[in-house]
Amino acid sequence: MTWRERAELRIGISGMPGVGKTTLVLKIAELARSRVKVCGFVTVEVREGGTRIGFDVVDLANGRRMALARVGRGEPSVGKYVVNLEACNVISEALRRECDLKIIDEIGAMEFKCKNFGEDLQTALHTSPRVIATVHRNYIDIAKKLGLEIIWLTRENWGLVFRQLLIQLGLTQ
């Protein structure tokens, strides 16, 4: 079965911090790029001297990177992080872009601080043929209501989940 013959796919990857959710979607995006148009965004940790100081958002279509959150005081905030609302533009543009495989990393509290995130997310899920999203464990119920099939990722099942997703996406030889 070719990529084009694959049915629509809506997968949400959730799990505890550090199990490799972002790594998983980045590897899938990397493999898919040679066959199809990939878009969306990832949220990557920013570390200084081994300590996490925040997160950047990266648009997968054009590589645009912007600070999403940093340790500090101010509003809006999520835990010890202050969210940079200017980064919401990167997220919004990534969600609105048309492509064959959309990566959304992540559906979580920081992203929902963006005014249009919920609306842009719903539009992306209804208009994109294939979506793989990472989902913060506190947002699983919301993700299910949006139509995502949730897979719980662990360090132990990472390889199996990766292979299953490659098969579902038609990315295996």
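Every residue, even glycine, has its Cβ placed from backbone N, Cα and C.
Record features (Swiss-Prot):
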BINDING   15-22, 101-108  ATP binding site
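Here the features listed in Swiss-Prot are painted onto the structure.
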residue	record	Cβ contacts under 8 Å, 6 or more apart
G15	ATP binding site	K21, R137, W152, L153, T154
P17	ATP binding site	none
V19	ATP binding site	L153, T154, R155, W158
L101	ATP binding site	I28, A29, A32, V36, K37, V38, C39, G40, S128, P129, R130, V131, I132, L169
I103	ATP binding site	V25, L26, I28, A29, V38, C39, G40, F41, V42, L60, V131, I132, A133
D105	ATP binding site	K21, T22, V25, G40, F41, V42, T43, A133, T134
I107	ATP binding site	G12, L121, A133, T134, V135, H136, Y139, I142, A143
Through the lens of DSSP with three states only, how would you label K21 (ATP binding site)?
helix
